Every structure is written in structure tokens, then in C-alpha cells.
Amino acid sequence: MNPETKARIDQLVTANKVMVFMKGTKLMPQCGFSNNVVQILNMLGIPFETLDVLADAEIRQGIKEYSNWPTIPQVYVNGEFVGGSDIMIELYQNGELQEMLEVALAS
């Protein structure tokens with residue numbers, strides 16, 4: 001990944017308490033996994049920002065290197081990589097996600 005792409009990702013991850021790199025947008029997710037993440041965050045009423053990786057090939061590849069995680073979507077909370085769709089579902093079901101997000105939004 002080039003330094004410019006890394007700097008863009010750094011800026012997005014640090015500027016937004018909850019940042020989702022996904023396929024599509026909040027209003028029109030382009031894959032089921034991205035849709036799962038959007039639905040969970042919407043259900044919890046959590047404000048979040050997204051970046052459509054389908055519209056940006058450098059970010060689409062760069063985010064995988066950045067997190068050392070091979071799949072999209074990718075969720076960051078307070079600058080920390082949380083995971084993708086499966087991890088978000090698991091954290092939501094066991095109540096950890098709500099707690100993590102409440103702490104993040106309070107900081």
C-alpha cells in the first residue's frame with residue numbers, strides 16, 4: 001500500500017468514532033455482509049461513517065493490508081479494528097458490541 005492510501009485510511013479511522021469500510025453505501029449496501037453490519041449499527045442507533053470500497057480500488061486493497069484482514073466489510077471503533085460481519089454479529093448477540101459502542105461514543 002502506498003503512503004497516500006495509508007494516510008487516507010489513518011485519517012478516516014481516527015476522525016470517525018465508528019468507521020465502516022464496506023461494499024456500497026449505508027442506504028444501498030452491495031453485499032449481504034456489508035448489509036449485516038449496517039443493519040446492526042442502525043438497530044443500535046449508532047452514528048457511523050462509511051466508505052464504499054467498490055468506488056476506490058486503492059482503499060479496497062489497502063484496507064486489507066492495513067488491518068491484516070482479508071475481507072470486507074471492516075469496522076473500526078475509536079481507531080481500533082473490530083472485525084467484519086461475522087464478528088459484529090457475534091458481538092451483537094452476546095451484548096459486547098453495545099457496551100463497546102457506548103464506551104466509544106462517550107469518549
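Just so it is clear, glycine is given a Cβ too, placed from its N, Cα and C backbone atoms.
Here's what Swiss-Prot has on this protein:
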type    : residues                   : note
BINDING : LYS23, ARG60, SER85, ASP86 : glutathione binding site
BINDING : CYS31                      : [2Fe-2S] cluster binding site
DOMAIN  : 6-107                      : domain 'Glutaredoxin'
Maximum Cα-Cα separation in Å among residues LYS23, ARG60, SER85, ASP86, which the record lists as binding glutathione: 19
Per-residue Cβ crowding (10 Å cut-off), top of binding-site residues LYS23, ASP86: LYS23
CYS31 ([2Fe-2S] cluster binding site), number of other Cβ atoms within 10 Å: 14
Counts by DSSP class (helix H/G/I, strand E/B, coil) across the domain 'Glutaredoxin' (6-107): 57 helix, 19 strand, 26 coil
Cα proximity to CYS31 ([2Fe-2S] cluster binding site), best match among binding-site residues LYS23, SER85, ASP86: LYS23
